[in-house]
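Undergrad: Submitted below is the structure of interest, expressed as structure tokens.
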Amino acid sequence: MTGGQGVTIKELPAELRPRERLLAAGVQALSNAELLAILLRTGTRTESALDVARRLLSGPDGLQFLAGATLEELQQQKGIGLAKAAELKAALELGRRLAAFTLSRTVIRNPRDVAGLLLDEMRYLDRENFRTVSLNTKNQVLGIDNVSVGSLNSSLAHPREVFKDPIRRSAAAIILAHNHPSGDPTPSQEDIMVTRRLVEAGHILGIEVLDHLIIGDGRFTSLKERNLL
């Protein structure tokens with residue numbers, strides 16, 4: 001390897017090369033880091049592309065950071081130049097457009113429909129993530145937005161932040177959701193208090209809070225079904 005080149009995926013053992021694993025086992029078998037490494041192609045002088053990918057995803061926001069980062073913010077990460085930053089933004093934008101197209105056809109009829117959108121991803125998060133699912137008057141999903149990362153409390157779940165994206169999307173109603181990293185979806189008193197405060201704020205804003213789902217490890221709790229709204 002020359003001094004100016006990064007560590008390439010080809011320099012990894014065959015069983016660790018994401019591209020080879022994709023061809024052998026299929027794209028669904030790859031982790032987020034492996035998928036990202038394929039896009040990056042090369043790493044730095046001391047890190048493989050897979051190492052760089054793992055580092056980028058190791059922060060508290062993980063994929064959410066990549067989804068929301070600007071070109072400048074991406075270039076501040078070691079191993080990411082302008083070309084790689086542009087390629088990542090393009091790939092993420094394609095994914096966002098596909099997700100928006102898919103979500104626009106999704107109708108929410110019950111809490112299980114919402115859990116189907118969120119459970120597989122949120123069950124593995126190692127910090128609490130609070131999200132809103134915005135709906136139109138036909139209960140079709142307009143979008144899913146991340147409100148905060150960290151233990152749910154009244155300061156993190158301020159109505160101004162919670163309703164910002166639903167207002168932008170002209171939502172008629174929202175469903176709240178957050179995960180419990182412990183895996184136990186039992187609502188705490190703080191969860192219930194925050195939810196009721198947001199229900200009241202929704203009444204004032206004309207955006208109904210239909211439910212609040214708490215995501216655990218493979219299971220969830222609906223505050224509406226428990227009559228806790």
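Backbone N, Cα and C define each Cβ position, glycine as well.
As listed in Swiss-Prot for this protein:
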- 107-229: domain 'MPN' (DOMAIN)
- 178-191: motif 'JAMM motif' (MOTIF)
- H178, H180, D191: Zn(2+) binding site (BINDING)
Undergrad: What number of additional C-beta atoms lies within 10 angstroms of the C-beta atom of D191 (Zn(2+) binding site)?
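TA: If we count other Cβ atoms within 10 Å of D191 (Zn(2+) binding site), we arrive at 22.
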Undergrad: Can you tell which of the binding-site residues (H178, H180) has the fewest other C-beta atoms within 10 angstroms of its C-beta?
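TA: Per-residue Cβ counts within 10 Å for the binding-site residues H178, H180 bottom out at H180.
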Undergrad: May I ask you to report the DSSP-based helix, strand or coil state of H180 (Zn(2+) binding site)?
TA: coil
